[in-house]
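For reference, the structure discussed in these notes is given below.
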């Protein structure tokens, strides 16, 4: 119904209540005369008149397919309703659902259920209020009777029930429309004026953290780094800014640089460049003294050399938490709330992973035919928010961790931090091996179990199963040891086999000096896999119902030339054999580092047109990094070309940064879908790995600056003022899509540990929650919701946390390394006279210096401006600079 809405959320700076529903969606109160008082209603959306339906959303299961929208009700101007389109009824009544989650029913309370529902075809609808997951207890369900709908006739239902069970915070209000309930498809079902009323319940006040006008890295900045903030303002003139310390004293001031409309966020923005301020301290913040708004400030942040010192260990700890087949326990878990029993070790109710069969051939999702056999595939890492274990996703993740170690070893810092024995908080610490290799080995040992033996199937011996996962999807709020689903092996794939060959070859060379027996076994199995892939070069993991199945992600890949190149690179660097050298040198991907995937072919179909260098499905860049990093027998000119290609790709991303209002290295995709893709944050992280290598190989600090910009975007300098990392920032990630760390599902589950990064904005609307909560015309950078049900924007995965760990470690440890021919990043090159930092010395620098001396609020590079090198910037420097520009002085500094 169409009624005036009023804001009901109290705005309190500095306090954020972790709640299930995003304030931008639920904070508006309807005043419908048809419904009871909003504040006593357990539902947050009742009338749909604002054009959104969240937290109502749909669910598809067991063959069901549907779509939904909020639409105008014909013949009722101003009235809107939630419309569900049943496209395929599926096998069961729950195959198609519309539902509202996040409901707590309290014992002894009496509730009034009310809704109006209608359809354009004769059908039935089963409505219930009950548990979201096992055992699916129902507290109200119209006495188990579905409602009959007559075409075009509205049915209004009003019933009471008393909660006679213990208080339950895992409830949902659900309508089932599939299976035997459905009409002939397609058809529409409409819902409006829906309520769940309890006069004893009062909606809590939700405290909403305002978005400040000045967006910053909410954690902080390294002292030597380039430092930018982004100001949201439609002003076309520079704005005065002040930087204050924790004592509220102004320590620096200047004027913003207007940039105009930022395409990806649709914000009008300015930049603040405060790179020359290097004084370490905590609690700095910006103010805009001439801007008359309640949000003319920034969040507090630090300037410190140890910004990433703890974060890198938190990022690495994610992998211990995601281990399968081992109890997660203290003192390694970081807190008792994050401990759990071992998952999938063949103990009831688990049905894996000690004796997992190939996928049942009589199942509709069987896919490629397989012989029947069983395998022990215990161990490894759970991939993401589910309990699946996927070789291609595990491949790039474990490569990234091992590459961290290999780079550290080559750069001479493998004797400290996570690289040394005892450096990480894991059970294997102090066992004589580098801890990060111990963690990687947990995945490598699992990989070995996924390889097909001669006994199992001689026709594909040496090939590797693409993945192992549940037969059907499980609900959120389920620990691994509670998973009751049967688990099966999906068919082998060439991509998985080459991931296996690449990472086991990499593992072999890193372990040869620590555990020669293990290293030799890795290499033997890697070479067997290589030969198997050559024999079966086109077993693709296709995106079909058989390949994806209902219990795990598909990870489809229809091109494997990149994986062949990557595997050949790793095998060649490890063995030096001509077989691999000849293969990689004849590959179309030889020495390639994509700046935008698919430009030269060779990208997984899903990656074509996306800015970035590599993903689980596009892997040639990994091989090129190995060739550029590790000593090998390639011609020196080729190795230099690989390094140059790495720098060239990074240069293109630096150009993107200068074009983007929030200074990030990706832009909207250049494919038919455009916008930001699933896991957009991970594209930035992988770009930052390449930027790190560009700095290693060139010594040019501009690549370090690019890494700083990427981190600042991820940690809050973005269109949503969102830190996408748990435990870090004023507005951190709180509700990732995960089956254990899901307090939105139930209070009995813990909030996530710190150091986990979410996939981030995805403008392709690939889950019902984001589709229900965010309008389709929302700018790409703002297509995100911090909600546990939004798997397409808020998922967490091993292949995203791996580059996050890589980058945070790199930035934390960069002061330990000076790259060949480079400069110490703490002592950046001084270009005397270049006051405005544009790389040139001319009259504009004299103007900038004069304005600075006259205290006109301009920021300059004071190191460059001190042209007589006396440690001060004053009128003497201005006089010398003018003489230099007039060619009266030949060299600066001039004393």
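Here the Cβ of each residue, glycine as well, is placed from N, Cα and C on the backbone.
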For this session: Could you tell me which of the ranges 199-240, 829-870 is annotated in Swiss-Prot as region 'Linker'?
Result: 199-240
Problem set entry | Separation of alpha carbons, residue 737 (active site) and residue 386 (active site, nucleophile) (Å) | 9
For this session: Pull the DSSP breakdown for the region 'Linker' (199-240) and write it out as helix, strand, coil residue counts.
Result: 0 helix, 12 strand, 30 coil
Exercise. Cα-Cα separation of residue 737 (active site) and residue 795 (active site), in Å?
Worked result: 5
Problem set entry | residue 795 (active site) and residue 786 (active site), distance between Cα atoms, whole Å | 10
Exercise. Of all the active-site residues given, 386, 786, 795, which has the fewest Cβ neighbours within 10 Å once its own Cβ is left out?
Worked result: 786
Problem set entry | Mean predicted confidence [pLDDT] for the domain 'CBM-cenC' (40-199) | 95
Exercise. Counting across all protein chains shown, how many other Cβ atoms sit within 10 Å of the Cβ of residue 737 (active site)?
Worked result: 25
